[in-house]
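Data first, discussion second: the structure below is written as C-alpha cells.
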Amino acid sequence: MEPNRRLRYFRSEIPQPVTEHRFPKRVEKLVFSVLSSNALMKLSEVQITTPILYEHYPSPATNGVLDKRLGLSDKVGKCATCGKDTKMCIGHFGTISLALPVFHPGLINDARTMLSIVCPFCSRVKISEADRLKYKVLNHKFSLAIVKEAQEQAKKQVNCPFCHAPSTICKKSQGFRVLREMHYEERATKILADVIKHQKDIEKIQELDQRLRNHVVDPIQALHILQKVPECDYPYLGIPWQSRNVYASQQTPDSIASNDASQLFSRGSSKLLARTASRFIAQHQGISDRATRLTSHAFLTRPQDVILTHIPVPPSCLRPSVQSGSGAGTTEDNLTSHLVRILTINDKLKEAMVSGAVATSKVYAKWDQLNMDVSLLYIGKIPGGVQPVKNKTDSGTKEGTGIIDRLKGKAGRFRSNLSGKRVNFSGRTVISPNPYLSMQQVAIPRLIAQNLTFPEIVTSRNIRFLRELILNGKTYPGANEVLLLNDTIRYNPALKRLGIDVKQSRDMEAKAMELVSRCVDTFNLNSLCADLPELQAAIQHLVSESSNAINSELKAEDLPQNQPLFAKEVYDPAQKGESNNIDNNVCEIDELKLEDTADYQVGESAGQASTVAVEQPPESRTVLKLNSIASLQLTNASSQHLSTFKLNTVSLLQKDRRGRQAIANSLRPNDIVYRHLLPNDTLLFNRQPSLHRMSIMQFNAVIHENRTFSFNPVVCSPFNADFDGDEMNIFYMQGQEARAEAGILMGSHENIISPRHGECMIGLTQDFLTGIYLLSGKGIFMTRQEYCQHVSYGCDGFGDATYGVSLYNYGREFIKSIHDRRGTEEDTVGFVKVPCLSQPCIVYPRQLYSGKQVLSVLMKGNDFDSVNINLEHGDKTYKKDSDRRALSVNDDYIIIQNSEHLVGRLTKTFLASSKNCIFYFLVQNYGPVSAARIMLRFAKVAARFLMNYGFTIGIDDVMPSQRVLGKKEVIVQEGYEKAQEKIRDYESGKLEAIPGSTVQETLEATLNQILSNVRESCAQIALKELHFTNKPLIMSLCGSKGSPINIAQMIIILGQQSFGGSRAPDDFYTRSTPYFYHYSKEPNAKGFILNSFYTGLLPFEFLAHARAGRDGVIDSACKTADTGYLQRRLVKCLEDLSVSYDFTVRNSKKSVVQFRFGHDGFDPIKLEVGTGQCFDLDTLLRHIILLNRSQDLAEGAFPVLLDRYKAEAELDVLLNKDFYGQEACLIERSNVTSYFQQSILPKLTTNTHIATTVAPALAASFLQTTLTKKDIDDFLRQVRRKYIRLNLEPGSPCGAVAAQSVGEPSTQMTLKSFHHAGLASMNITQGVPRLKEIVDGVVKISTPITTVELHVDVDKEELAATVTEKYLEKARMMKNIIECTYLGQISASIIECYSQSVCHIEVNLDMKIIADMGLAGIITVETVVASILHNDKAKKLVGQDQSSGSVSIHSATRFSVRPLTQSRDDLLFDIQSLKLLLPMIPVSGISTCSRAVINEYKEFCQGATSSAPLTKYNLLVEGIGLQNILNVSGIDFTRTLSNNIVEVANTLGIEAAVATISNEIKACMDSHGMAVDMRHIRLLADIMCFRGRVLGFTRFGLTKMKADSVIMLASFEKTGEHLFNAALGNKVDEANGVTESIILGKPMSMGTGSFSLLQAPYFDEKTGKTIEYQPKQTTRFLGEVLNKQYDEEVDAIVNAFWYDEKLYLTGAEAKAKLLRGRRHANKRSWSRGKERHASLKPKNR
C-alpha cells in the first residue's frame, strides 16, 4: 500500500499528541446570572398567551404551552421552529408576560435585604462616603463576608446619608409583599394597645390599617426602587461591580404593561393599587437616560432582576405529554399544569384590572395567587409556609414538582443524570466461585458475550479474521452489526459533485476518506469531531481543486464571528421569506449552485440503514453547510422532498449465510465490525456499594456456558463479596485508550496491595488457607505419582482448567491465542511447561515427597523463572521471646529460602493480609504479575488437595471431653466466687467506687470484666486440650474461619453477653427477664450463659443471646446510612486533591493544601515498614545474601567475607558515591548506617574467625550473617531503587483515596460509645459518632476530655517506687485544684430559716470532707461567700458585694444568705430559688471542668535508675477550659492534650488543631482495629484547616472550602440556594474540579489527564528526514499470526482492487488469486534454489 493510503497511522514532522481529541471545544468556565426580561425575550421563540392546551386534539393550541414552536415531546412530526425531529431538536423557550410583576421566588430574601439597605427615596445604599472607604476593596475584589458586614451597617442607619430621609427596615409580611418598618413603629404599637384597651375602636382600627397599608412594599414599588440603584452601589447588594461603559440604545424592558396600569387608574376602582401603579408609571417615565440604558453584556445581574415581569416557558421536551392507554387524552407534566394555572390567573388578573369593578382586596388576592403559582413553578413550594389557594376545579396542589425540585436530591438531575449516568455495554447477574481462574479473569456467560459488542476497525491485518466473524453472525464467536463506512463515502454521488471523481482522482478520495474516518467516533457515531480545523481546510482544498463543478468557494473564516458554524434550517427558495424555514443569519456564500438534477444529503444516523436516493426537481438548489458536529452535509433545497443518505449500518442478526457472505466480501479497511465479546477482552468488574477504588477493577474475559459471572474467590476481599446470591456488574469498554488505561491502572493484579494501609488486600481465603495449611504440615507425605499429580494441578501447562474445556468449541485460533500469551509480562496465569521437580525428602525405605516440596515447586515455577522468595518470620502463635525458631514444636516459625519451603506451616499471616505475606514480598520485589501467578497455583492445588484429602466438620468435632468439662467447672466456679464476693461487698456497702463512677457502675464494670475472663480462659483450654486434627481448631489456627472464642462458644461456654459494652440492663420492671428476682445482680440474671451451642441453651439464656444479637443487628442497620453519608461528604470535600509535579498536594484551584503528601510524599503502597525505616532492611539484606550465596555456589566461586571494620569502611565508601548520594536523602543514609551498626556489624565481629580456619564456601553455610562487598553493593542499589520509587506519583488522586481509606473502614465500626478500659472508667465516645464529631468540626462535642500531663521533678538516683509515689501525690493535688467543686458537695446542711424579722438560708460547711478532698486552706467561708457574690445568677438575688447585707458570716463553718427583696409577694419565691441555686454554685476549681479522674499508665522514665517501665499518673479532665487548665502551675503544657478540636485551635493555633485531628482519627480507628495509613489522616486534617480555621465536612464547611465551585456545591446539597446565590452574585465557575468535569463531559486534570502525551516523529538516520511509522513485522490478533509476506500480498490485492469497481473481486476470488500467486512464487523460488544448488556443486578434479 502506498504511504498516503495508510489511514491508521498519524504522521507529522513535529511531535503530535498520541490521541487526537475528538471534541476540541470544551467548556472552560460557567458564568451565572439572573436572566433579565430583555435577555429572556431575545431567547424566546414564541409568546405564550392562552391557557388552552389543545385546539382540536391532538393538535396543540397556537400560543399555548404545548405550541409546536417550543419543540416536540413525542416522536411524531417536525419542530415548527428548526424543522428537526425529536432526536435532533433540543427544544426552544417561550415567555409569559405577567400582568403585574412578582418577586423572584428564589431571591425573595435577597430582595428583602436589598430593600432594607437601599433608601426608598434616592435609591442609594445607606452607607456614607466616609464608611465606604472601609469597603473600597469591593471595587476590585469581591468578598461575601465584607458585603454582609456592609449590609449590617447599612441596616443600622437611622437616616439616609445622601437624602437624609428616615431609614426603613423591610421584613416579612403576609402574602408576597414586604412590610417596611419606620421610626413611627412605636406609635403604631401604642395605637394598637389603645384599640385593645377601648374594645376595638373601629375608627382607630381603620387608621392603623391605613398607616400600615401605606408602608407595604409590593413588587411594583420594589421594581421602581431597585431600578434607580447606581452601579457603584451594586457590590453592597451582593452583585460584583463590573465596568459598564458600553451602553445600548434600548430602553429597559423590565416594566409592567403601562396600558393595563393606565386603564386601572382611569377606572378608579382600586384606589390603593391605582395610586401605586400611577406613581410607578409617572416615576418610570422620568427615569434618567443612564438608568434606562442596558449594558452590552446581556447576562449581567442587576438589582431589578429580582422582580419578575416575564417568566420562561421550558421546551416541550422537558415536560412531555404522556398518551393515555385508551387514546382518549393525555397526562400532562406538573410543569405544564403550573404554567396553565399561571396563564389562567394572569388572565383573570388582567380582566380585574381592566374592568375596575373588582374590589381591591380581590385584586390583591389574585396577585398573591399569581405569586404562589410562580413560586410553585420555580421552587415547588411557597416561601414562608403560606398555603396556596385551591380552586374548586383543582384536584390539589402538590409540592415538590417545581424546577428546582427536579434538580435537587438523589433523584434530581445533578445526582441522578449528570454526576452518575446509566450506561450501555454493561451486564449484571449472580456471581459464583471458580478457583481455577486467574485473579485477572472473570468468566462471562455466552449469552452476555453475544449481546455485548466491540467496534473493531477493519485493517489489512485483521480483515480475514473479521470476515470469519461476520460469516458466523449471531453464532458465537461472531458479530452483530457492520458499518460499511467506506461505501458510504466512496459511492456517494455528493462527493462527485465536489469534483471527486472515483475513476479519475483516487488521491482526493483517499484524502476525503481519511478525513471522515478520523472524525467518526467508533463507539458513538452521533458524536463527531467538532469544528476540526483540518476538516475545514480539507473541504476548502477539495472545493478549490474542483472549481469546474462548483462556482463559489467556501471559507470558514468568512462566516460572521457570532454565527454558529451550523445552519439548522433547510433552505427552500419557495419559502424564502418565512423565518421558520431558514435562519436569517445564513450567509450567501454558503449557497453553492450545483448543475446536477439529483441532490442528496449526507448526515449521520447510527443504527439505521441507508435510504435510497430520490430524484429531485431540476429547479432545486443545494446549500453546503458545516454543522456543529463537523460532518459533511449536503442539504436538499427542495420543499417537496427531504432525503438523507445515512451511514450504512447493517445488522447481521436477520441475515442468512448468503447475505453475511456478501457483507464479508464487501468489507474494506476503515469499516467497523461490531464483534462479540471474545476471550481475553478487557472488562470492568464492579460490585455495589463501591466504597473504595478496589470495588471496580479490570478483568480479562473468559467465556463459559453457564449463566453466572465466575471468578476466583481470592478477589472477594476488595469487593466485600460472597456467593450467597450477590450480583455484580461488568462494563465493556468501547475504546482502545480506555482499555489500555484500565489494564495498567485498574487491573486486579495491580491492586493486590491496598492504599489504605499498605497491606495485601487480595490473598488466599477460607478453603484455600485450610488446604495450604494441611498440605504444609509435617505429616503430609506422598509418592512420586501423587507428588507429580499435585504439581500438575498447579502448574497447568495447557490452560484447560483455567479457560474451560468449552473453549475448544470456539476454534483452534483462540487456543493458539492463549498459548501465545504464555511467558509474557501480562500473563497472570503463569503457565509452567517444565516444573522444577526436586528430589524426595525421604529416600529409604521408600521414596516420599512432603507437602512443602509441592509448595516449593509452585513457588519456583520454571527453571528459567527468576522468582526467589526468602522469608523468615514467626506466626501469630509463635512466642516472641522464644529462641527455638525452626525447632518450634508447633511448627509455627516459617523459613523459606530461594523459594524452598523449609520449615513451618503456612497460615493466613503468610498467605493473606499482612506485610509478612508471601504475595506482599513478591509484589514489592518481583511485581504483581509474579504474585498473581503463584496465588493462582496455590489456589488450584489447595482446592484439589482438599477434595482428595477430605475435610468435613461433624458433631463429634464440637463434643467436649470429660477433661475439658472438668476444667470448665473449675474456671466457672472461680469466676462465680469472685463475682459473688463483689456482690456481697456491694450489698454491705464495702465496695469502693472507682473515681468518676458510682458504686453501681463500679460493680457492673467489675463483674463484666470478671465474667468475660471466664470465657477467655475457656478458649485457652480449647486450644490446649483439643486434638490437633480437630476441624474447628484447624480452621482457627490457619485463619480461614473462626477464632478461639468461637470454638469455646461451640464446645464449652457462651459466656457473658454484651449489651452496648456492658451487662444486660434491668429494663423489664427492675430486672432483665421475668425469670429472676427484682434488682438481681447474679451472673445468669445479667446475660451470662453457662451452656454452649453443643449442650443447648435454657429459655432465659436463649432470650439473652437473642437480645444481644438483636442489639448488633440494629447497630449494623443504623450505621449503614450514617457511614454512607459520611463517606459521601468526605469524597465531595477531597475529590479535587491531587499530587502536582512539584510534589505538592493541590486542589482544582491550584491552592496548596500540603507541601508533601502526608508530610513526606511517600506512597503507602510502597512502604514496607509502618514507622521508622521505610523498608524492611532485615528481609532485604537476607534476600540479597541468599541470592548471592546460591549464585556463588552455582558458579563455584568462593566469596570473600568481610570483618566488621572492612564492612564498615566499604559501607562508608559506597554511601559517599554520587550514585547513591543524589537520590537518597540523608535520613535514608542514616537509617542504613544505624541499621548496619546495630544489627549487622556486631555479628560479623563474633563470627568472622570461622572464615580463617574453614573454606569460605563452607564458612558461608555456618555463619549466621555472611557479608561480602558485592552484598553491600547490591543492598545499597536495592535501597536506592526502592527509595526512588517511594514517592507518590504526580497526578495521583490522593484526596479521593484518602476519603475512601477513612470512609470504607468506618462501615465496620460500631455506632455506640463504650467503656474504654484504658481510660480509668470514663465513658468516651468512640466509633462512628466520634468520627462524625471530628470530621464535622463540632464545637460542643459529647465527651470533651483533656489529658493533663504533670510536671514532676525526678532525680536520676530515685527508685521507681519513689517516682510513682511522687506522680500519684501530684496527681491528687492537681485533681483537687482543677476539678470543679460545688457548694453542695462540701456542705453539711443547707437550711431555710424563717423568723418574724428576717427570712434567710443557713449553710454549714463540712470541713472533714474539705480536708479529705485536699482542699483545706483552699476552700474557706470567705472563698465560698466570694464565689456566691460573683455568680451571675446569684447576683440577681443577693447582690454583688457583701455590703448589701444579704450574706452574713457567723463562724468559720457557717454563714447565711438572704434575698435582697423583702416584698411579701416575691420573698417566698426568691427563697426557694436561692435554695435550689446554692448547691450548684462552684466554689473551687475550673467551673467548666466537671470532674477529673486519675489515670495510671506505664512509661519508660529517663530520669529513673531502673530500666523497667515505670508506673505514672496523669489526669483525665472531663469538660472544656483548656486555656484555664494550662494556666495552672504544675502542668506540663507541652504534653497536655484535648480532644476538642475547636478549643485547641482557639487556644494553641491551627497547627495544633491539625495535629489533634490526626491523633483523634487515628485513635478512633485504632480502637476498632482499623488500620489506616497516617498520611491519609493527615490529608483530612490539612484540608479541614488549610483555610486558617477548622472547617467541617458539612454543607456549611464545604461552602467555605470551595465557594467558587458552584456546580460541585449544587450537586452536593442545597441545590437551589447555591444556584440562586451564584446567579445573583454573577459567580464564575472555572469548572476544573472532578464533579464539574464529569457533569460537563471533559477530562479532569488529574491522573492521566494531568499531562499530554506526545509522539515523536521517526527520522531516517542517513537522510535525517521524517519517515512513516512502520508496525512490527509480526502482529498477534486473537491468535492469528500474520507474517510480513502475507501483509505485502494483502496490500497488493487491496491496492489493485480498492477503487476500481470493474476489477473488484469477491472474497473467494481474492483468496484463489492469492493462492495462485503463492504457488507461482514457490515455483520461482524452487527453480532459483535449484539453479543455485547446481552452481554450488563441486567440479570434478
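Placed from the backbone N, Cα and C atoms, the Cβ positions cover glycine too.
Between the listed ranges 1021-1033, 1099-1111, 1294-1306, Swiss-Prot ties the annotation region 'Bridging helix' to 1099-1111.
Within Cys79, Cys160, Cys170, the residue that Swiss-Prot lists together with Cys119, Cys122 for binding Zn(2+) 2 is Cys160. For Cys89 (Zn(2+) 1 binding site), the spatially nearest entry among the binding-site residues Cys119, Cys160, Asp722, Asp724, Asp726 is Asp726, judged by CA separation. Each of the binding-site residues Cys82, Cys89, Cys119, Cys122, Cys160 was scored by the number of other CB atoms within 10 A of its CB, and the lowest score belongs to Cys122.
Of all the binding-site residues listed here (Asp722, Asp724, Asp726), it is Asp724 whose C-beta has the fewest other C-beta atoms within 10 angstroms. The Cβ neighbour count for His92 (Zn(2+) 1 binding site), using a 10 Å radius over every protein chain in view, is 23. The two recorded residues Cys119 (Zn(2+) 2 binding site) and Asp726 (Mg(2+) binding site) have their Cα atoms spaced 66 Å from each other.
Same-chain neighbours of the Mg(2+) site beyond Asp722, Asp724, Asp726, judged by a C-beta within 8 angstroms of the site's C-beta center, are, in sequence order, Ile431, Ala721, Phe723, Gly725. Of all the binding-site residues in the record (Cys79, Cys122, Cys160), the one with the smallest CA separation from Asp722 (Mg(2+) binding site) is Cys79. One way to see the shell of the Zn(2+) 2 site is to take the Cβ centroid of Cys119, Cys122, Cys160; the remaining same-chain residues with a Cβ within 8 Å of it are Val118, Pro120, Phe121, Ser123, Arg124, Lys126, Pro161, Phe162, Cys163, His164, Ala165. For Cys79 (Zn(2+) 1 binding site), the same-chain residues that are 6 or more apart in sequence and have a Cβ closer than 8 Å to its Cβ are Lys68, Arg69, Gly71, Leu72, Asp85, Cys89, His92. Mean predicted confidence for the region 'Bridging helix' (1099-1111): the pLDDT average there is 87.
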